[in-house]
Amino acid sequence: MACGLVASNLNLKPGECLKVRGEVAPDAKSFVLNLGKDSNNLCLHFNPRFDMHGDINTIVCNSKDGGAWGAEQRESAFPFQPGSVVEVCISFGQTDLTIKLPDGYEFSFPNRLNLEAIEHLAADGDFKIKCVAFE
């Protein structure tokens, strides 16, 4: 995967929302949005997989604590199409993160690290970011 956007010092607090809009590559295999304290401490690893690591059209979410991955959570909802422009909204809560997909479907992922602020955002893979907004 090519290295994409990395942003730090975001200071996203509980109750706030991060919107990421971008273009999925026409030949997409997978892309990643990571949120957390830094690259070794992620409260959310959001990884839509078109065809990667044995997963087909599956969203894999995880956390990373001190460099160690947690248990994966898989979502079968998959509203992503290669070559399309999509928006993902991630609402940061004290106990969990709510991810709203482009088709309006929402699911939650626990804030396993109990972070009080998200400082780090990284995007990677077959996804070109067009806009990042904070609400």
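Every residue number used here counts from 1 along the chain in the order it is shown.
Any Cβ shown, glycine's included, is placed from N, Cα and C.
Just so it is clear, the model here is predicted, and its values are computed rather than measured.
According to Swiss-Prot:
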MOD_RES   A2  N-acetylalanine
DOMAIN    4-135  domain 'Galectin'
MOD_RES   K13  N6-acetyllysine
MOD_RES   K19  N6-acetyllysine
MOD_RES   K29  N6-acetyllysine
MOD_RES   S30  phosphoserine
BINDING   H45, F46, N47, P48, R49, H53, N62, W69, G70, A71, E72  beta-D-galactoside binding site
MOD_RES   K128  N6-acetyllysine
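Known features from Swiss-Prot, placed on the structure.
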residue : record                          : Cβ within 10 Å
K19     : N6-acetyllysine                 : 15
K29     : N6-acetyllysine                 : 14
S30     : phosphoserine                   : 20
H45     : beta-D-galactoside binding site : 20
N47     : beta-D-galactoside binding site : 22
R49     : beta-D-galactoside binding site : 22
N62     : beta-D-galactoside binding site : 18
G70     : beta-D-galactoside binding site : 15
E72     : beta-D-galactoside binding site : 12
K128    : N6-acetyllysine                 : 15
K13 (N6-acetyllysine) CB neighbourhood, other CB atoms within 10 A: 12
Proximal residue to K29 (N6-acetyllysine) among binding-site residues H45, N47, E72 (C-alpha distance): N47
Composition by DSSP (helix, strand, coil) of residues within the domain 'Galectin' (4-135): 0 helix, 83 strand, 49 coil
Candidates K13, K19, S30, K128 (modified residues) - the one closest to H45 (beta-D-galactoside binding site) by CA: S30
Model confidence over the domain 'Galectin' (4-135), averaged pLDDT: 96
G70 (beta-D-galactoside binding site) versus modified residues K13, K19, S30, K128 - nearest by Cα: S30
Pairwise Cα distance maximum in Å, beta-D-galactoside-binding residues per record: H45, F46, N47, P48, R49, H53, N62, W69, G70, A71, E72: 18
Alpha-carbon distance [K128 (N6-acetyllysine); R49 (beta-D-galactoside binding site)] in Å: 15
Distance, N47 (beta-D-galactoside binding site) to the residue listed as 'phosphoserine' (CA atoms, angstrom): 7
N62 (beta-D-galactoside binding site) to K19 (N6-acetyllysine) - Cα separation in whole Å: 19
Alpha-carbon spacing, E72 (beta-D-galactoside binding site) to K19 (N6-acetyllysine), which is rounded to whole Å: 23
Rounded Cα-Cα span from N47 (beta-D-galactoside binding site) to K128 (N6-acetyllysine), Å: 14
